[in-house]
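TrEMBL has this to say about the protein:
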SIGNAL    1-22  signal peptide
DISULFID  Cys32-Cys49  disulfide bond
DOMAIN    63-218  domain 'Cupin type-1'
BINDING   Asn108, His113, Glu118  oxalate binding site
BINDING   His111, His113, Glu118, His164  Mn(2+) binding site
Amino acid sequence: MKMGFGLCAVAVLLSCASIAYAADPNPLQDFCVALPDNKFDVFVNGKFCKDPNLVVAEDFLFQGLNIPGNTSNQLGVAVTAVNVNQLPGLNTLGVSLARLDYAPYGLNPPHTHPRATEALLLLEGELYVGFVTSNPADPNQRNKLFTKYLKAGDVFVFPQGLIHFQINVGKTNAVAFAGFGSQNPGVITIANAVFGSDPKINPDVLAKAFQVEKNIIDYLQAQFWPNSN
């Protein structure tokens with residue numbers, strides 16, 4: 001599948017995200033181009049706006065999603081994010097996107113996006129993807145796993161805040177694009193948060209939570225936990 005089609009498909013993902021229920025507030029003007037963070041700024045829920053008279057076309061441009069990410073890492077995955085931190089023009093618009101590259105058998109490990117639903121479009125390769133539900137009132141629905149094998153051209157949606165993952169089950173590289181319903185969806189990688197927190201969570205807490213011996217928790221907390229996104 002040609003990458004030109006993929007870039008066009010990203011626009012479709014973003015248009016879908018723009019009509020979804022997003023966590024971000026609606027803009028009250030045409031745009032609010034973000035200014036760089038400053039340690040002396042007053043904290044706001046988002047970013048300060050650039051003077052509209054100083055806004056230029058480059059504030060709405062990001063280049064480079066045609067370039068594959070470096071998957072030479074422990075997980076075999078690379079995420080090239082394009083959120084408000086990389087593209088200031090996204091501020092207040094409630095959308096963002098990312099390119100995901102997977103080496104053969106590369107894994108984007110279980111994680112959540114606390115502020116956004118994600119729509120994933122697979123351009124090349126084959127992925128096994130899935131998400132796990134939360135704890136609704138119906139006990140039959142608790143922690144239910146939804147999974148699918150995706151081929152090029154398939155789209156899969158991960159609901160906001162739910163734990164999800166993707167793994168390349170093919171022998172060749174895989175490429176996907178994701179659209180998010182937030183200018184800054186955030187990411188919590190489960191293993192990193194639980195075993196790689198700073199400072200460390202008391203091992204007794206985790207040993208009881210996972211119903212394992214404390215020495216197993218000690219081993220896990222001693223590992224290096226790379227962030228994939």
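Cβ atoms here come from the backbone N, Cα and C positions, even for glycine.
The model shown is predicted, which means the values in this text are computed figures rather than measured ones.
For the recorded positions Cys32, Cys49, His164, a Cα-Cα cutoff of 10 angstroms around His113 (oxalate binding site) retains His164. Checking each of the binding-site residues Asn108, His111, Glu118, His164 against Cys49 (disulfide bond) by C-alpha distance, the shortest gap belongs to Glu118.
Look at the Cβ of each of the disulfide-bonded residues Cys32, Cys49 and count the other Cβ atoms within 10 Å; the largest number goes with Cys32.
For the pair Asn108 (oxalate binding site) and His164 (Mn(2+) binding site), the Cα-Cα distance reads 9 Å.
Neighbour density for His111 (Mn(2+) binding site): within 10 A of its CB lie 21 other CB atoms from the protein chains shown. Sequence-distant neighbours of Glu118 (oxalate binding site) (same chain, 6+ apart, CB under 8 A from its CB) are Val157, Phe158, His164, Ala178, Gly179, Phe180, Pro185. For Asn108 (oxalate binding site), the number of other Cβ atoms no farther than 10 Å from its own Cβ, over all displayed protein chains, is 26.
The number of other Cβ atoms within 10 Å of the Cβ belonging to His113 (oxalate binding site), over all protein chains shown, comes to 24. Sitting within 8 Å of the Cβ centre of His111, His113, Glu118, His164, and not among those site residues for Mn(2+), are the Cβ atoms of Thr112, Phe131, Phe158, Leu162, Ile163, Pro185, Val187. When pLDDT values are averaged over the domain 'Cupin type-1' (63-218), the model yields 95.
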